[in-house]
Amino acid sequence: MKFITAIAAFAGAAAALTTEQVKVSDISIRDNDGIQAASFKLNGTIDCSLDKPKSGSCSNKKYNFGINGTDSDYTLSLYHELGLAAGIWGHAKAPVVCRAGGNGPDDFVCSQVDDLTMKLSFNGQ
């Protein structure tokens, strides 16, 4: 009976963690004929960054991300590891505007212009 109670408690905890809302701020993307670097903050305290290729990590090591796109049209995909081979994820359009970066005609620096809150879940929806 104790075993079944423990399993039920674990299942309830897992169900409670099926979604998470994260606030993304201070997005910066450097695109010079392809994404060169990107950075942002999660919930105001977790720093995330990448330098080539398109996969990055965050300061607490439980979040990983990727950015795809070009010409002010970028999608941020975010994964939060909850345990061994278990996690939640989501993706959203990054609200950025790009300007000339100064290192040639294909060099752009993109900065966040609107709030972004992402929903992470087991199915990414």
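Glycine too: its Cβ is placed from the backbone N, Cα and C atoms.
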Disulphide partner cysteine [TrEMBL] for Cys110, chosen from Cys58, Cys98: Cys98
Fewest other Cβ within 10 angstroms of its own Cβ, chosen from the disulfide-bonded residues Cys98, Cys110: Cys98
For the domain 'AA1-like' (17-123), residues assigned helix / strand / coil by DSSP: 0 helix, 77 strand, 30 coil
